[in-house]
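Contents: one structure, followed by commentary.
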Amino acid sequence: MIASIRTTRRLSNYNSVIPPPEPLNTDPDMHPLKRRFEPVLLDRYPPQEATDEITRRGKFPDYVPMFAFPNDIQIVSSDDRPRSTWHGFTMTSDDNSKLYGITIIIWTALNAEVAEEVEKKCEQWRQSHMSEEERELAASLGVRLAGERTHLSQLLAKLPTIPSGSPARERLEDEISTVEEKITLMTDMLRPLRHGAASKIEGLTAGESGLWTPRAYGILGRDAANMSFWKEWLKAIVTPMTDGGVLRIPPSSPSVGRWQPLERYVVNLCTEAFNPLGSKTQVELGVRELRLYARKEADNEIPGSRSIDLYALFRCLSLENIVALFEYAMAESRIIFLSSHTSMLHLACHALANLLYPLKWSSIFIPVLPARLLSALEAPCPYIVGIERRYDRIELPEDDYVLVDLDKDTIDATSQPVRLPRQARRKLMSLLQVAAPHKLRYGVTTGPPPYAMESFPYDAFSTENAALFRSATPKSTLGKWVSQSSSGFGEPDPPNEVLPPLFNAFASAKVDNGKSDRPSTSKSGKTSPQSSVSPVSINFPPMPSTPVSRSDSGFALAATLREKRSGHFGEEKMRRSSSFGIDKHPPYHKPNLPFLNGHQANLSISAISVDSQNSVVGGGSSGGGGYGNGYAPSTYAQSTLAASTIMPSMQIQPVRNTETTVWVEGHCFNWIPKDNTSICNICNDHAEGDGIYKCTGCKIFSHGRCLGHASLVCPEAFHPDRIRAAFVRCLASLLYTYRKYLGRPSKQQKANGQLYAFDMDGFIKSLPHDQHDYATMMRETQCFNEFIHDREMQPANNASIRVFDEIIMAKKARGRSGLSTGLSRLSTIRASHGASTYGGYAPPRGSSNSKIPAWLGDTSDHIWRTASVPLPKGNFPGEYRTVVTRTPARLDRSLMREPRSIQGMPRVEGRGARGLIRKQVPSMLGTTPPT
């Protein structure tokens, strides 16, 4: 193995570059609601006293609370419960092994006693830091503000009684707009004067006090492939804790299912379940009527291709910036992601690492870097880290770094990246424009998607990981797209393979479970209000005004007061919130801008807004400005280069809304008049008689009022499998002849366990002249050296090695249609002598396309047989609703049950006397269960 010059120049040991966390230094003059508190671990499972679990699960890591709350904890003042958020994080153990975590954060109201104490502290601060005139003005504004809010609640209560579209309705809406403007003005005036909790407003303030603290529930494990599964499972188990905040959940019943205490779900996942064993088994877990399926990729698939999300990164950055970022990662730069949304950092870091396949990022990898570890940015080694925009003191390195602003689609770097060879870069861009046309041809705007901003966008249990809720596993397409010629790379998917997005997992679960009735639309319990303001200033675009007037009175009548506020006035509502770190936006009562969530009706390809939350039609980017600390604007900001200069044959189709067509998040919704039988995929209600919208791509239906809630991209507008194929094809062209230079090892190398010795100089000399400089750069990277080392140490038929070799063979076969797509020359020789061309592997089942390499097209191991984990059920002490809606700080052991056996898992071989098979118990099943 060739030593990495870049790695030897920089330190690479995790513990040598990651400093201990800085302590919290609290200013004694700081206002109580600006003060940050250090998070602590309240409880864990298995408990700390279960020392016998350490050998199997490993030592519980330090600093987990700091990664769950990377910016520590603040008390938030808000009328409504702040929005639930989620994020993933990666920790490195003492032995340099990785631990992966997913956490979901919900907000709990401070009880009256604690809230009173906080108010006393606020009053003391006001007495010592504000003049008497300021306090009087603040008190006066507070009284007037409370009066206007009460007036607003009275006006909102009248809305259901007045027909939509009538003159009286128009006058009432104008009056509501005026009151909201007054509230906005007074709130802005009050913010610099009064720093404290405003008094509770009856009918508008949820909770006992209007003061909220965050609480995190999370999972730790060693398998990154399970992170998306853990996220959806966590969303499911916290749904009852929102006490109706997640809408359109069918009510509990014996036929549908009943919620169980949190403790039983924890035992179900951590003790009764096991990790999926390759592609032969998928593990089914249940939460009420939901069924979730954990599965792994097959040996002949790209690792992470079924679990790692790419859309969030591609929605945030232009294709030009994506390729530039890929070039920086290939050169092992110090890459820093910046975003206002913690989960966006997690999604972007994992997506970038996944695109490097077959190379593996081997240096520091911290998708969410806590604020008290910011000094790690000075680490003298390559890294991929993510930092939140709201951190107080962000000090970037002096040089040699790349700052990627995910919210503004900019890359700020101290040097140009080492560019890919010209032809390889041009080809990669061409394929990406076909694989990811969501911005060029489907009008998707730039910025984080809704599911990267909060746990339940638009108060719905939607999911970007729809395959996790379907027992039928999507087909593998890697063989197809690495074998496909460039001209056929954009061919449409067969209609039966286009799976619609899942906007309500609970409703779909009811259909999948064989119920004959259509999904119910009733709310679960008391409806929690919708809020556009969260601790990280989350706000979605307003609800669109539909091109054709549609009656929404039925929806209004069914809604509660708080739902009316959100349903009629969009997401940009004004709420009373803590004035610290929360952006205020004017309310949009009657939006008249022709744009929707995830869509801008631009006629210029280059005029893509960089602010996904406030994009408008027209030229240029909105919400300008730079990073905010005086950094120079990026020279790699989103490209204005027309796609046709790279792929001349590609047809650019700017989109626009018409009277009968609406574009939302890549969906092309066409109006179907007089349709009263179709069911809206978003709210699960029937069409309202005059018609309904239908997407031409994925065939989903939507009411006009629901269009703005279509938060998931249309599968016709974004193709993650083709994107992965485009990147791996690029690397296959760069490493096309590498195996030719794996020769016999020396005696010393053999003694070290090497099966081959790589001739690096010979490999570089064999490359075309325009690739020499790039190959010389790769020679210095740890990623490439570990790629070669793996192939020196492992046989060619090892599945992890063979996947990429088969992709290279597919590249050879693309240019020569008669070429056998076997692994090497040996397979050709064997075929000429009548031997199997599959090298000892079974031929693919039903593979009729000779262009697809035999091994990549082999689906004989693509079984994913379901092993069902027993569903948590049974009676429990206490009042049902009180138990299932609580947000416990500690697990109640009395609510747990003894673990049960698993049905349908592969039989464990006997270990004792011949023929004696031990009964399976949870402690025997699987590898490294989550904590």
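Glycine is no exception: its Cβ is also placed from the backbone N, Cα and C atoms.
Fair warning: this is a prediction, and the values are worked out from it, not measured in the lab.
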### Task
Write down the single range among 13-32, 673-692, 893-912 that appears in Swiss-Prot as region 'Disordered'.
13-32
#### Entry: The annotated zinc finger range in Swiss-Prot, which must be one of 176-224, 666-714, 764-812
666-714
## Note on the structure
DSSP composition of the domain 'cDENN' (301-433), residue counts helix/strand/coil, works out to 52 helix, 23 strand, 58 coil
### Query
So what's the mean pLDDT when you look at the domain 'cDENN' (301-433)?
96
